[in-house]
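Colleague: Next up is a structure, given as structure tokens.
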């Protein structure tokens with residue numbers, strides 16, 4: 001991927017984020033974050049108290065109250081800045097996509113063929129169902145499906161990948177995206193969306209959407225933070241009469257400072273930024289998530305359904321051998337296999353044609369001159385072939401051909417059954433060829449398991465994630481490849497219905513399921529899965545059914561998607577732990593300072609040896625504001641992620657962020673107190 005990655009603190013983004021942070025000071029914007037709204041209210045109150053003291057309306061230290069008020073405003077501004085910076089990074093990514101949209105003219109065809117008469121119309125006038133012709137050098141004017149032709153397409157504006165890709169009719173690579181450029185040849189495209197509904201439009205709207213919906217975990221955490229805020233608010237409110245009864249009432253300024261330092265402002269100020277940054281990191285991996293809910297669900301996934309081809313294996317299955325049935329000549333089998341594959345544009349189909357040509361000099365026949373009827377492969381029939389003259393030739397999976405033979409009154413030979421088993425045991429895929437009700441033999445298709453994939457599955461297993469391989473191969477082939485790849489389970493001879501049933505079965509057990517897909521037949525399963533990553537090269541139906549789209553069309557990306565989701569959840573949990581642990585140190589700083597005059601015995605709690613009550617309170621407030629700024633890089637980049645079990649991750653994070661949350665404030669508050677004393681501000 002060659003798309004330029006944004007630096008964490010781009011100067012342009014910083015300036016815009018500072019501006020947006022000030023704009024977010026309005027009460028309407030603050031009300032969306034209850035914790036920070038309390039800080040905002042405290043800032044307003046202390047500002048009013050400062051003005052009242054300056055004008056002599058009430059007594060008190062205007063300087064001390066003013067400085068407290070200033071740092072409370074900084075606390076709100078820093079939280080706003082964190083959110084604005086995260087949003088700014090997403091909007092910058094959206095702006096780079098806007099540059100792809102160009103006003104152009106399109107050749108709208110009057111009939112669905114490349115030599116039909118064409119009208120030049122503005123691309124904005126194209127509607128769903130319109131047929132357009134694009135040639136080398138043209139920008140594709142709409143999202144659609146290729147219905148004729150084949151061409152090299154530059155998709156770098158969308159995917160960031162500089163290498164061109166092939167888009168052609170009749171396969172899994174028929175989907176094209178508006179805004180990409182044709183480099184060679186021509187395509188006839190059927191537009192699949194109306195203006196404003198293109199994939200590019202949806203990408204832009206998603207990443208720059210102003211009203212980001214909170215995810216379930218965010219809502220649950222927000223409720224916890226509100227509950228803690230209410231508890232501390234009530235506790236702080238009782239301290240004034242308590243201290244007044246002791247003969248020396250604590251000032252409102254000190255009580256506000258105490259409240260702000262005790263409530264979980266750190267995570268409260270960074271919560272939105274973490275969510276926005278999670279979606280931004282997903283986009284950085286070239287994956288478009290339709291919502292933060294999808295990213296969060298990726299972090300909770302515990303079952304991965306992985307297509308064998310392209311994910312676990314290299315995906316370039318090639319015909320390697322013809323194994324004829326008893327009494328059948330190998331050349332006869334090769335000839336029938338080649339005829340059945342003439343209209344098969346898949347890599348496997350082309351390899352069968354080539355192998356027959358190489359082995360027996362069987363030249364590829366002209367499809368048009370045969371006057372034959374081609375039978376395409378479907379997920380239901382699981383076979384394809386040709387009807388020519390009085391011959392009915394089919395090739396397909398073992399079970400599909402067996403049903404076909406038996407339905408035509410034939411018998412499936414035992415020797416072919418044995419050949420199928422032998423091929424499958426070697427990890428190859430057997431395809432059976434039949435003419436009428438007579439089985440001619442087996443074609444062996446070989447694929448290679450990706451290097452390092454077994455180790456990745458072992459890491460996922462450590463994390464408690466179950467891996468399930470999905471394949472159309474028979475059970476023996478599937479078992480051999482599953483054992484070699486190291487997956488936990490497999491689904492052989494998979495149909496769309498079987499995939500859907502498997503997902504529902506796992507969900508009924510309370511598990512969250514993730515899968516990838518690219519075809520229209522994957523759409524029901526994608527719609528059912530909790531995390532559904534559709535390939536950008538896939539069909540429009542698949543992209544609409546999924547809740548994420550992988551711009552690189554790399555099925556292995558599903559593992560990275562889960563990692564990003566888990567990193568976002570870990571970041572949120574780690575900073576929550578750090579924020580709550582912070583309160584302990586601030587308690588030791590402010591409580592003795594606030595009540596030292598009323599209850600001198602509380603000086604025993606001044607374990608940090610802070611210079612004076614005022615410096616202690618001011619140091620805690622300053623630290624409370626600055627820690628948000630220091631944690632912004634962590635919130636945006638995410639905590640360090642390692643593939644560990646849930647219990648191991650919990651122990652690790654408690655040590656780092658729990659203990660760190662206790663120790664860092666003691667050090668930070670003491671350092672600030674020393675600096676204030678040296679500067680004569682204590």
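From the backbone N, Cα and C atoms, a Cβ is placed for every residue, glycine too.
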Colleague: Among 34-54, 97-117, where does Swiss-Prot put the label transmembrane segment?
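Modeller: Checked against Swiss-Prot: transmembrane segment maps to 34-54.
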Colleague: Tell me which of 62-82, 125-145 corresponds to the transmembrane segment entry in Swiss-Prot.
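Modeller: It is 62-82 that Swiss-Prot describes as transmembrane segment.
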Colleague: Labelled transmembrane segment by Swiss-Prot, one stretch among 641-661, 662-682. Can you tell me which?
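Modeller: My reading of Swiss-Prot: the transmembrane segment range is 662-682.
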Colleague: Please report, as numbers and ranges, the same-chain residues at least 6 past the borders of the transmembrane segment (254-274) whose CB is under 8 Å from any CB of it.
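Modeller: For the transmembrane segment (254-274), the list is 33-36, 38-39, 42, 45-46, 68, 72, 75, 78-79, 82-83, 85-86, 212, 218, 221-222, 225, 228-229, 232-233, 235-237, 239-240, 568, 571-572, 575-576, 578-580, 582-583, 586-587, 589-591, 593-594, 617, 620-621, 624, 627-628, 631-632, 635-636.
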Colleague: For residue 307 (active site, 4-aspartylphosphate intermediate), identify the closest of the binding-site residues 344, 381, 395, 518, judging by Cα separation.
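Modeller: It is 518, whose Cα lies nearest.
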Colleague: Restricting to the same chain and to residues at least six past its boundaries, which positions have a Cβ under 8 Å from a Cβ of the transmembrane segment (616-636)?
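Modeller: Those are 8, 64, 67-68, 71-72, 74-75, 78-79, 81-82, 85-86, 89, 254, 257-258, 260-261, 265-266, 269-270, 273-274, 277, 280, 571, 575, 578, 582, 586, 589-590, 592-594, 606, 608, 610, 664-665, 668-670, 672-673, 676, 681-682, in sequence order.
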Colleague: Using residue 518 (Mg(2+) binding site) as the reference point, find which of the binding-site residues 344, 377, 381, 383, 395 has the shortest Cα-to-Cα distance to it.
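Modeller: Nearest by Cα distance to residue 518 (Mg(2+) binding site): 377.
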Colleague: Using a 10 Å radius around its CB, how many other CB atoms surround residue 383 (ATP binding site)?
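Modeller: A count of 23.
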Colleague: Counting Cβ neighbours within 10 Å across all chains shown, tell me which of the recorded positions 307, 344, 518, 522 comes out on top.
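Modeller: Result of the Cβ crowding comparison: 522.
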Colleague: Among 377, 381, 395, all listed as binding-site residues, which has the most CB atoms within 10 Å of its CB?
Modeller: 395
